[in-house]
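Noted in TrEMBL for the protein shown:
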TRANSMEM  50-67  transmembrane segment
TRANSMEM  111-133  transmembrane segment
TRANSMEM  139-159  transmembrane segment
TRANSMEM  166-186  transmembrane segment
TRANSMEM  192-214  transmembrane segment
TRANSMEM  226-243  transmembrane segment
TRANSMEM  255-274  transmembrane segment
TRANSMEM  279-296  transmembrane segment
TRANSMEM  302-324  transmembrane segment
Amino acid sequence: MYSESDLQDAVAAGALTPASAQALRDHVAGLRASSVDEEHFRLLTGFNDIFVAIASVILLVAVAGLGNEVRLGITTPHQPSFVSALFVAGTAWGLAEYFTRRLRMALPSILLLLAFVGGIAFAAALLIGPVIPDAQNDGAGLVASIAGLSAAIAAWFHWRRFMVPITVAAGAAGVVGIIAGLVLWLVPFSHILPFVLLLVAGLAIFALAMRWDMSDPGRTSRRSDVAFWLHLTAAPMIAHSLFQLLGINHGLVDAGQAFLVILLYLAFGLVALAIDRRALLVSSLAYVLYALYSLFQKVGAVELSAALTALVIGGTLLLLSAFWHRARAAIVTGLPPALASRLPYLNRATA
C-alpha cells in the first residue's frame, strides 16, 4: 500500500508526474467509493517498522543509562545527568538520518522525533534547574518555559531536516510550554489557572490545525498529516480543561453536570463532523462515559450502570462511524457556503 507521502516523494523524484499522481489518487478514491478522507495516517509500512521501533527504544534506553554515568560538576548527585538526555537526543538524530530521511519509516520516525525533542527539553531543564532558585516550587514555571523553548527550537531544526508531520505538533507543544511556564512563574498560583491556560493553548493549536487543514481541503498532501497531529494534540487539551473547569473530576457528578457533559459531547460531535476529525470525540470519551454512568446510577440501575453505559456509547459511536459521511454531508451543506468551501471536501471528485 502506497501512502500519500510515497506519492509526493515519487513526484519529487520524477518517477511520477503530478497529473499521474492525481489520477492514481482519483482512481483509488473511486474504488473505495468513500469521502475525501477516513483520517488515514501512515503509522506502519510493515512489521519491520515495529522491529526497528523496538530496537530503537532498547538502544535509546541503553544510551540513556550510559550517559547517566557521566557526571559533570553541574549535575547534582540526586538527579539524572543532562549528558544522558543529550546522548538520547544525539542518538535519535543519528538514527533518523537513516530510518527517517532515507527509509521513510513511519513509526520509528515518530519515536525518534519524540526522543530528540524530549531529550533536548529534558537536558535544558536539568541544566537550568540547579541555577534557578527554588526550581522545585516557585521557579518550576521558569524551568518549564526554558524546556519548552528548547523543545520548540529542536522541533524546528528537526522539521527543516526531516519534515516528519508530527514535528509541528511537537513544536506547538513546546511553544505552549514557553507561555504557560512564564505565566505560572509570574502570576500567583490558583487551582483554575492551569486549566484556563490549557484551554487557551488547546484552542490556539486547534486554530493552527484548522489553518493547515483548510490549506489542503482535498487532503492530498503532507499538510493534512500535519493537521492530523495538531488536532490530536489540541483535542485532549480542550476536552480535559473544559470538563475540569466545569467541576467534572473523580468526584461524584450531579444530574445537571452529567447532562452538561453530554451536551458538550454532542457539540464536540458536530464540530468533529464538520471538520472531519474524530480526535475531539475520542479525547472527551472518558468524561461522557463517566457522566452517563452517573446518570444510570442516579435512576436506580446501579448494577447495570456500567454495562448500559458501554452499550449506549459503544452503539452510538458505531452508528456514527457507519453513517459518518451522510451525517457530515447534512451538517456541511447547512453551513454558509464561504465556510463550507474551506472545509475538507465531501467527495474526492471535488478536489
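Any Cβ shown, glycine's included, is placed from N, Cα and C.
Count of Cβ pairs under 8 Å against the transmembrane segment (302-324): among 111-133, 166-186, 192-214, 279-296, the largest is for 279-296. Non-local neighbours of the transmembrane segment (111-133) in the same chain are 53, 56-57, 60, 74-76, 79-82, 85-93, 95-96, 99-100, 139, 142-144, 146-151, 153-155, 158, 162, 164, 166-167, 170, 174, 177; each lies 6+ residues outside the stretch with a CB under 8 Å from one of its CB atoms. Annotation: stretch 226-243 has the most Cβ pairs under 8 Å to the transmembrane segment (192-214), among 50-67, 166-186, 226-243.
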